[in-house]
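Colleague: Before we start, here is the structure in question, set down as structure tokens.
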Amino acid sequence: MDWLLAGLGNPGAEYARTRHNAGFWTLQTLADRVGASLRMEKRWHCLAATARASGLELGLCMPQDFMNRSGGPVQAMAAFYKVAAERILVMHDELDLPPGAARLKRGGGHGGHNGLRDLDRALGTRDYWRLRIGIGHPGHKDAVIPYVLSAPPPADKTLIDEAIERSLGVLPDFLCGRTDAAQKSLHSD
């Protein structure tokens, strides 16, 4: 397997439309594009699939634990397929970017994101790639939890969907090793 792509979010219908599920939205859109059917894989506790795209074998992982327990499923699938951390791309919501923005980044801190914090712990490293999908910030730290656990207004959802589209548009360059070109294209929007 060439890459493991993981989308972070919270499982269940009550969370499906919340901002915190931007990673799920991104991975599901990708799965639909490459014709992959995500199915429950009990041994990893995630919805999983394999697919071929851009001449590469991809693993798709959507953890079915809550956000703060995302690391275990991603680590388990990565270990099974012997995928090194630097070949993992984690798609997640990002408070520090406005709706409509997206960024590719390797490594770094978790910035208070509990899904990334758990991934750092489970993988034993921060040296994995992140696709950060902007959801905006509510303005005050005390408002963060209700903000990420609520649905964005339609205008913001449209911007988030556009960022997901642009992100998936640069994914072939990224996966084939043209990371600078992918970042330049995505970050210039």
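In case you wondered, yes, glycine gets a Cβ from its N, Cα and C as well.
So Swiss-Prot says this about it:
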ACT_SITE  His20  active site, proton acceptor
BINDING   Tyr15, Phe66, Asn68, Asn114  tRNA binding site
SITE      Asn10  site 'Discriminates between blocked and unblocked aminoacyl-tRNA'
SITE      Asp93  site 'Stabilizes the basic form of H active site to accept a proton'
Colleague: When you put Asn68 (tRNA binding site) at the centre and draw a 10 Å sphere around its Cα, which of the recorded positions Asn10, His20, Asp93 have their Cα inside it?
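Modeller: For Asn68 (tRNA binding site), the recorded positions whose Cα atoms are within 10 Å come to Asn10.
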Colleague: When you rank Asn10, His20, Asp93 by Cα distance to Phe66 (tRNA binding site), which of the recorded positions ends up on top as the closest?
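Modeller: Going through Asn10, His20, Asp93 one by one, the Cα closest to that of Phe66 (tRNA binding site) is Asn10.
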Colleague: Report the residues of the chain - excluding Tyr15, Phe66, Asn68, Asn114 - with C-beta within 8 Å of the mean position of the site's C-beta atoms, for the recorded tRNA site, in sequence order.
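Modeller: Same chain, not in Tyr15, Phe66, Asn68, Asn114, Cβ within 8 Å: Asn10, His20, Asp65, Met67, Arg69, Ser70, Gly115.
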Colleague: Would you measure the largest Cα separation among Tyr15, Phe66, Asn68, Asn114 for the tRNA site and round it to whole Å?
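Modeller: Pairwise Cα check on Tyr15, Phe66, Asn68, Asn114 gives a maximum of 16 Å.
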Colleague: Specify the count of other C-beta atoms within 10 Å of the C-beta of His20 (active site, proton acceptor).
Modeller: 24
Colleague: If you count the C-beta atoms lying within 10 Å of each candidate's C-beta, which of the recorded positions Asn10, Asn68, Asn114 ends up with the smallest number?
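Modeller: If we count Cβ atoms within 10 Å for the recorded positions Asn10, Asn68, Asn114, the smallest count is at Asn68.
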Colleague: Using C-alpha positions only, work out which of the recorded positions Asn10, Tyr15, His20, Asn114 is nearest to Asp93 (site 'Stabilizes the basic form of H active site to accept a proton').
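Modeller: Ranked by Cα distance from Asp93 (site 'Stabilizes the basic form of H active site to accept a proton'), first place goes to His20.
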